[in-house]
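The active site, proton acceptor annotation in TrEMBL covers A:Asp137. The feature ATP binding site is assigned by TrEMBL to A:Val21, A:Gly22, A:Glu23, A:Gly24, A:Thr25, A:Tyr26, A:Ala27, A:Val28, A:Val29, A:Lys44, A:Lys45. As annotated by TrEMBL, compositional bias 'Low complexity' applies to A:338-347. The annotation domain 'Protein kinase' is assigned in TrEMBL to A:15-295.
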Amino acid sequence: MDAVERANADRQKKWVKDQKVGEGTYAVVYRGRELATGRKIAIKKIKVGQFKDGLDMSAVREVKYLRELHHPNVIELLDVFSSKTNLNLVLEFLDTDLEMIIKDRSLVFLPADIKSWMAMMFRGLEFCHRNFILHRDLKPNNLLIASDGQLKIADFGLARDAADPGYKMTCQVITRWYRPPELLFGCRYYSTAVDIWSVGCIFAELMLRTPYLPGESDMDQLKTIFRALGTPTEEEWPGHTKLPDYVSIGQFPRTPLRDLFTAATADTLNLLSKCIVYEPRKRISAKDALNHPYFFALPYPTHPSKLPKTIAQTTAAASRPLDEVDGNVDLNSGAGPGATAAGTAPPKKLKRKLSGHDTSRNIARKLDFTAA
Amino acid sequence: MATDFWASSHNKRWIVDRATLKQARAEDLQYVHSPDHIDLLNIYFANLIGMLGKKLSLRQRVIATATVFFRRFYVKNLYCETDPFIVIAACCYVAAKAEESPVHIKNVVSESRLMFSQEGYGVKNFPSDNSKLAEMEFYLVSDLECDLVVFHPYRTLLTLCGRESACALDTEAGEVGVGIDSGPRYWGTGEGRLELEEGPLQTAWFIINDTYRSEICLLYPPHMIAIAAIYLTLVLNDKTREAIQAQGAPVPPPRRSSRTTSGSAHRKSAPAQQQDFVGFMAGLRVSLPTVAMIAQEILSLYTLWGRYSDTPPESGLGGNGAGEHSGGDDVVTPAFLTQLLLRMREARLADLAHPASGQPVAVNKRLERTQAAG
């Protein structure tokens, strides 16, 4: 065993893996704990399988960004180690996600609670954007809630650096209900504004307690957006008719947000409307959003520890499965039209793969002089 | 490029000191006659990464990232105990993914096979199987401890010396987030910038490319390397050198005034030739001794590089600098270096099979086979 392997083994020994709690396309998630302190953690084991096609692009992206990003409102990657033929990410343990909280009908949200979540969301997002990272998959399911109430942005499987000008990016990102119209029109050059649209949709969802713009297909998504916000004019959004996948959807009148969000204050609607502006360049930035009057008006944001909690959270989540510990682990696949998540791999296959690791190790990291 | 350099894994974990590097190469050094051979291997492998990258049509930044991955991997591993050629392929493959321009694994395997099997390199046993490369990728990523964000000097160079139209000048150039008009910007204001003409800017860019042929990228932060490259450019370029000397001829201005003349007001009124280069360097407020040290290391890299001769035609970049220092000691070719590597490996194998303890160790059969084939 050389020094590198020893260092890896030392890291591995710090963490204990308990039961499996979920499985996604490229990873299996286990609940675990830190040996020294007993602190709860989640271990995400990235399947390398039999080394067929190399590491999944999502795995590369996630690992790449989580290694660099450290912020109270971004999920913390505590450690990385490799075991046999797997990469293991040690992540902080998080109780639940915003989707579970929104769906829990027994909870009542006060305007101050929503403000608190929005503030944490914008803080985390501003940190990502400040570092030129686009998240590209914001949705309630990917906003995890820690036991102390802190909201954390998770699942960086679709994240990337803002491309240099002149370099195309894919428009097939962001779960459909949270996808901005420019991406639906096939825009290949975009910016941090795509994430802001998603945040706007989540903001509305927090108030409505149901998805704001639930389209059934990409085409229907546009129709849903236009029905809610009116068909954009050339004046409102210059040049949108020239986008690659532009199609004329039909004319819908603009209805004031006030009609739907009857209880919201003027500041609230002002911020919301700035998040879902059609013209991406006019959409508010995360930094400006944090300085918006909404966050300084009464009522002040609720302290994270006082935010509504799901029952599972309050009754010490000991027995609850942690399938939502990471957004990639998409067990309730009926929940949303996953633009990103492919089907869940059957566990049977995985077992075979895992047991076959001995034979799959063909070349050694080092030229193996000693192996029998 | 993403994230804050000072808080990044690059700064915190991957800027190493000379002692660490020396220790990393200590065992390899036992198997070569001259320590220079190790440095020549460094040049050789960086060239291979560059050429493989070109074949896969990767951008310069991706090639640079691949080279840094390669160097980081060999901080933890030995040349004589690993197969650098498959590591090179894996570095290109991972770097392409990490820099958001993925290449299919099949292409990487076939291009590597094709390239390495060429006459001049004489690597005959490159695996044709995707899974071998995928496995190497796994070892690479775990030895890199998943730190895949690498900072490069190019951005600093363009920030300090690029034109406003830098995007047009070079596709690698340009600032992130051009679509975002809001917020304060220090770039584009001309504050603290040195405007270089296209020629010198290219030279500085090429010098940066060349630094990856040594271990400079592991020793110093990228912005310092960029500044050293700018410094060398100013000294090497006739026009700018004359300007500096002309400046030096009268009584050298005191530091305080030199800094004020480098301000934007002066810049706007004066044409590029009359820029205050000395003031610019002083105004950067970085350790100039360190810059001088890096510049010295770049120069000694060029001296060494003069001994390296690429029998197969060298493709494009980095051609400058080489050849200038021809002569000197023995000329070294890629074929020689491949042979050297095989000899190192055999010697290592022999040492491990017959350790000082006198207890022979079972030797891997497969390796024997591949060596017989190679």
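Glycine residues also receive a Cβ, built from the backbone N, Cα and C atoms like all the rest.
Since this is a predicted model, take the numbers as computed values, not measurements.
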Got a sec? Which of these recorded positions, A:Val21, A:Thr25, A:Val29, A:Asp137, has the most Cβ atoms within 10 Å? A:Asp137
Excluding its own, the Cβ atoms lying within 10 Å of the Cβ of A:Glu23 (ATP binding site) add up to 21
Rounded inter-Cα distance in Å - A:Lys45 (ATP binding site), the residue listed as 'active site, proton acceptor': 21
Expressed in angstrom and rounded to a whole number, the ATP site built from A:Val21, A:Gly22, A:Glu23, A:Gly24, A:Thr25, A:Tyr26, A:Ala27, A:Val28, A:Val29, A:Lys44, A:Lys45 spans a maximum Cα-Cα distance of 14
So what's the average pLDDT for the domain 'Protein kinase' (A:15-295)? 90
Cα distance, A:Glu23 (ATP binding site) to the residue listed as 'active site, proton acceptor', nearest Å? 19
Position of peak Cβ density within 10 Å, selected from the binding-site residues A:Ala27, A:Lys45: A:Ala27
